[in-house]
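Listed in TrEMBL:
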TRANSMEM  63-90  transmembrane segment
TRANSMEM  96-122  transmembrane segment
DOMAIN    122-410  domain 'FAE'
ACT_SITE  Cys266  active site
ACT_SITE  His345  active site
DOMAIN    429-509  domain 'Beta-ketoacyl-[acyl-carrier-protein] synthase III C-terminal'
ACT_SITE  His430  active site
ACT_SITE  His434  active site
ACT_SITE  His463  active site
ACT_SITE  Asn467  active site
Amino acid sequence: MASMAAVMERERLTAEMAFPPAVVAGGGGASSKPGAEPRSIVIKIRRRLPDFARSVNLKYVKLGLLSAGFPMLPSPSWVVLLALAAAAAYSLFDVAALYAVDLVGCAAWLCAAALLVAVWYARRPRPVYLVEFACYKPDGDEHEISKDGFLEMTESTGFFNGEALAFQTKITRRSGLGDRTYLPPGIQARPPRLSMAEARAEAEAVMFGCLDKLFAATGVDPSRDVGILIVNCSLFNPTPSLASMVVNRYRMREDVKSFNLGGMGCSAGLIAVDLARDLLQANDGALAVVVSTENITLNWYFGNDRSMLLSNCIFRMGGAAALLSSRGGDARRAKYRLLHTVRTHKGAADGCFGSVYQREDERGRVGVSLARELMAVAGDALKTNITTLGPLVLPLAEQLKFLRSLVLRRVLRRGARRPYIPDFRRAFEHFCVHAGGRAVLEEVQRSLGLGDGDMEASKCTLHRFGNTSSSSLWYELAYAEARGRVRRGHRVWQIGFGSGFKCNSAVWRALRDVPPVSAFAAGEEERRRMSCNPWVDSVESYPPKAYI
C-alpha cells in the first residue's frame, strides 16, 4: 500500500510554492510575524498514464518467466524426461564402445522413454479453440442515437442542471463516439421507462440476438451440445440470473455447467474466457459458450455529480457471444487458438479498489463514480500486466535487450540509462485495446509506442458502437476480420480494463485466413457467417477521416 502510493506520488507533476502566513490568509499588505513558519500550497496534476520506462518490478518479470515454462524454465517433468534420455544415450554409447550391444536393455530404455513421452502427452493442457463469435447489432437504425440526439434527450429529461448539461456536452463532443451508437428504448423514451421489465427486455435482445447468430453460423444445437455456459454482466444481476435466462430460452440440458459473473467491470469478458479455458481443459470434449454484455436501462445516472456523468456519455448498448472448444476435431473449423491469459488484480490497494465505485450521490441517486486517479491506477495495472506477459510472447531478441537494460540499471547501477521498453509490435499483428474512451486509447497508444494502424480497430469501435464494456474487444476483433486483415499465424492481443482494479490480457493465434465481409454474400452459409460480424454494413466507411 505504502509503496503503491509512493510510486503514484512520484508519477504526478508536483509544484510547491511557499508563502508567509499573512499572505496565505489574504492579508494584503500585512507583514508576516517574525519566526512564523511559512505555509505551502501543493499543486498536483495528473493527466497521463505512468511512464513505463521509470520503473520495472522484477517480481512480475519473474512471474512471467515462471508462466512461460519450457524451454525458458524447464518444468520438473521435462527435467526428469531429459535426464532419463541422457542416461539412456550414455548407456548406448558406452555399450557400443565395448562392442556388446544389449538389445534387451536398449529396448527397455526406449520403452521407458516412450512411456514418459506418452504420459506427458496425455497430461498436457488441452488446446482451447475459438470456433466463432458474434456481436450484437440492432436491425437497421433501431435504437440508434447521434451525439446531438443524446444531448437533446439528456436535456429533455429535466433531471440535470445547467452545469451538468454543459459538462455532458463537452465530454460528448470530445468522446470519440460517432452518430450511430445504440441506446435501449427504455432510456430513449420520454419520459424514461426505468423498470425491471425494460432491463430484462434489453438483456434478452442483446444476449439472444448474438446467440441466435452464433448457433446458426456454427450449426451447434444449444439444447444438446453446449456443456458450459458463462455470462458476464457487471451491473445487472436479476433473479433468476442472466445465465438462467439463456438456459431457459435454448432449453439447455440439465447437466450444463452455468456461471454468472457480476460486478467485475469491463475486463470481465477475458475473465470469462480464462474460466472457460480451465473448465474446457478439465472437461474433455465439451463446448463452452461465453456471453459478455452490460445493461444500460437500470444503470443510467440521473444526477449532477460529474464523476458519475462520464458513464452516461460513453457507455452504449452492446454484447457478444463466443463459442470455445477443446475438441481436437474443432481445430479444423476454428478461427483461433488461445495461447495465453494473464490476469492482474490491484484490489489490495485502497486507491485502486475505489477508482471505479458504484455509490449514491448526495441526493441518493445511484451511479458509478470514476476517480481522478483512474488513469494512474489503470497505467499501474497495465504495467504489471505487460511485464508478466512479456516473457510469454516477446521474441528472444526483445527479451535480451530488456534484460541487458535491466542489468545495467540494477546490477551495474547505471541509473541514467532508461530501461528498454520492448516493441510489442514484434509479438502481435493485431491489438484490441478496450474502447474505454478516447483519452484512454490515446494514452495506451503513447505508452506502448503503438502506431495509428495498431489502434485503428479500437478507435473505430469506439466511434461506431461506443464503450460496450467487456464486449468491446470482440467488436474490435470483428473489425480486423471485416477488413480482411487476419491471416493464418497472426497473433492477437486483447487488453481489458475493469473495476477492482483489473487489467487482463488474452493472446490468440489465427488458425486460418478470415475473409473480409461483404454486404452482398453469395451463399446461405456465407450469409450466416457474415451475420455474426456487426461491421457488414459500415466497414467501408471506416476509418473516418477525423475522430470528432
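Note that Cβ sites are derived from N, Cα and C of the backbone, with glycine treated the same way.
Note that TrEMBL annotation is computational and uncurated.
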Neighbour count check, CB within 10 A, over active-site residues His345, His430; minimum at His345
Looking only at C-alpha atoms, tell me how far His463 (active site) is from Cys266 (active site), rounded to the nearest Å. 17
Least Cβ-crowded entry, counting other Cβ within 10 Å, from the active-site residues listed as Cys266, His463: His463
Sequence-ordered active-site residues within 10 Å (Cα) of Cys266 (active site), taken from His345, His430, His434, Asn467, are His434, Asn467
Reported mean pLDDT - the domain 'Beta-ketoacyl-[acyl-carrier-protein] synthase III C-terminal' (429-509): 95
Can you tell which of His434, Asn467 has the most other C-beta atoms within 10 Å, given these are the active-site residues? His434
Quick check for the class: what is the C-alpha distance, in angstrom and rounded, between His434 (active site) and Asn467 (active site)? 8
